[in-house]
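Asks: In case it's useful when we look at the structure, here is the feature table from TrEMBL:
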{"type": "REPEAT", "residues": "B:6-47", "note": "repeat 'WD'"}
{"type": "REPEAT", "residues": "B:48-89", "note": "repeat 'WD'"}
{"type": "REPEAT", "residues": "B:184-225", "note": "repeat 'WD'"}
{"type": "REPEAT", "residues": "B:281-311", "note": "repeat 'WD'"}
């Protein structure tokens with residue numbers, strides 16, 4: 001029957017699909033030698049992603065002349081752990097590494113200079129990392145050679161100093177009830193925040209309207225600006241009235257275009273007043289500007 | 001150049017050595033196997049299995065028949081190079097640090113460590129006398145009471161052994177009488193490695209005091225000094241050029257605390273006469289523990305603390321390069 005013959009010569013497509021679907025089977029490794037080039041084609045399934053890989057390795061076969069003894073040794077049978085290795089290098093033990101080059105050194109100074117740059121520790125060499133509290137030397141305080149002699153002396157000195165400054169301050173009766181403690185703050189001892197410089201002063205508020213009252217009072221609000229207005233335009237427009245400390249132009253976050261209003265802070269309130277008088281109702285970019293005092297912001 | 005990477009060891013390499021023709025490369029490491037490789041393509045010929053401790057040293061005789069290894073398992077073993085079979089076992093009281101065949105291949109020497117209450121000995125066996133091996137009785141034993149031997153090589157004609165000690169001293173011991181023929185003290189610290197030139201007239205020492213020095217084998221005259229800024233673990237003399245290659249790096253215990261960029265794990269090439277460095281080759285991840293030149297001078301190998309042996313075949317550049325004097 002003709003169909004039987006056909007089956008023999010070519011496997012049916014169904015068989016092929018079956019073979020491909022079966023993950024356990026891989027095409028056999030092939031080895032071809034063409035001239036002095038040997039090509040080995042391997043197939044392997046990666047353990048991690050289960051994909052099939054085809055590995056092609058190309059070798060150049062070299063024939064070298066060698067002495068008889070060396071040639072004889074080249075034909076020795078492998079032994080020990082390599083007993084069952086195939087002829088030729090085994091990939092498990094022998095691999096070709098990446099290209100490396102010998103870097104030639106023409107002048108020694110160059111190389112050393114480069115070396116020093118590369119060494120991050122060298123940068124630290126000039127700096128003092130550790131400073132002794134007793135003698136200001138380059139070592140830990142506990143390792144100070146003058147620990148026993150200088151240490152107690154300094155303590156005494158500090159105590160005396162502390163006493164004398166306190167004595168001076170008290171009779172003076174300064175307006176600020178701030179106990180001065182220069183001796184302590186300089187020796188690097190821990191000082192609780194309540195005793196630190198300015199510890200008794202009232203803390204500063206985060207409220208912006210407390211910060212600079214004069215600033216806020218010299219700020220004007222400009223509205224009805226055109227969308228194309230830039231900060232530089234505003235600077236040009238308001239500079240003639242006096243020195244400007246700050247310009248804030250409200251801009252759209254996304255497009256960066258002006259939202260049509262701005263705040264200008266002058267150093268002096270008079271300048272601001274003149275600016276209001278001068279620019280309010282001024283035609284700018286086909287729009288009539290509206291300028292007025294900025295209201296103090298509520299946070 | 002594309003180095004051939006040999007991955008036959010699981011721990012740091014302690015010594016590598018070529019045979020006389022250079023077609024075979026032996027490598028030993030702190031694991032227990034001794035590997036032998038074809039140096040031309042990096043193919044592993046085989047392993048010598050039997051040691052049960054770190055192997056410190058390896059040597060091969062002139063006709064590549066026998067291989068000698070010394071190990072921290074308190075033994076020195078003689079192997080048949082071709083088959084990997086053990087021919088003889090010399091038991092010692094402490095670890096074997098260095099070993100070597102003399103040029104005839106008939107007499108072997110090995111030194112033992114000062115440890116576990118035993119002192120350092122330099123032992124000589126004559127392999128032609130089976131009785132010595134059977135009784136484990138060397139024909140010559142030299143005790144070194146003060147400082148142990150850390151490296152040793154045979155001098156020319158098999159008359160004496162030059163031994164480097166842990167205090168930097170070099171002593172020349174006669175193989176016949178056992179007496180000290182010559183002394184030199186040029187190094188200040190541990191001598192890590194000693195390697196001879198091809199004709200055995202000179203040898204180069206590598207020391208922990210950051211230098212390698214060239215000596216005359218017979219007179220122990222100090223000829224040259226090669227200075228670096230890190231401990232030198234190994235140094236070798238090129239057989240065809242006036243070059244010395246050195247491998248080193250900071251100590252293994254300090255490797256993890258410094259970055260590889262400042263680790264300086266390169267092999268460094270010095271001009272033997274001008275004492276000046278002219279080239280470097282990078283590659284190892286850790287300090288280089290041993291370097292060896294192929295006897296034809298066209299390639300060299302290095303073994304590192306990282307457990308790899310790398311065979312480098314020089315680019316033509318190397319042979320053209322001339323140092324500006």
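One-based numbering along the chain as shown.
The backbone N, Cα and C atoms fix where each Cβ goes, and this holds for glycine too.
Nobody curates TrEMBL annotations by hand; they come from automatic prediction.
Give me the lay of the land around each of these features.
Replies: Beyond the repeat 'WD' (B:6-47), the same-chain residues lying 6 or more positions past its ends with a Cβ under 8 Å from any Cβ of the stretch are 53-60, 62-64, 67, 69, 71, 73, 79, 81, 84, 252, 286, 289-296, 299, 301-311.
If you average pLDDT over the repeat 'WD' (B:48-89) in this model, you get 91.
Within its own chain, the repeat 'WD' (B:184-225) has Cβ neighbours under 8 Å at 103, 150-156, 162, 164-170, 172, 231-237, 239, 244, 246-248, 270, 272-273, 275, 290, 292, 295, counting only residues six or more beyond its boundaries.
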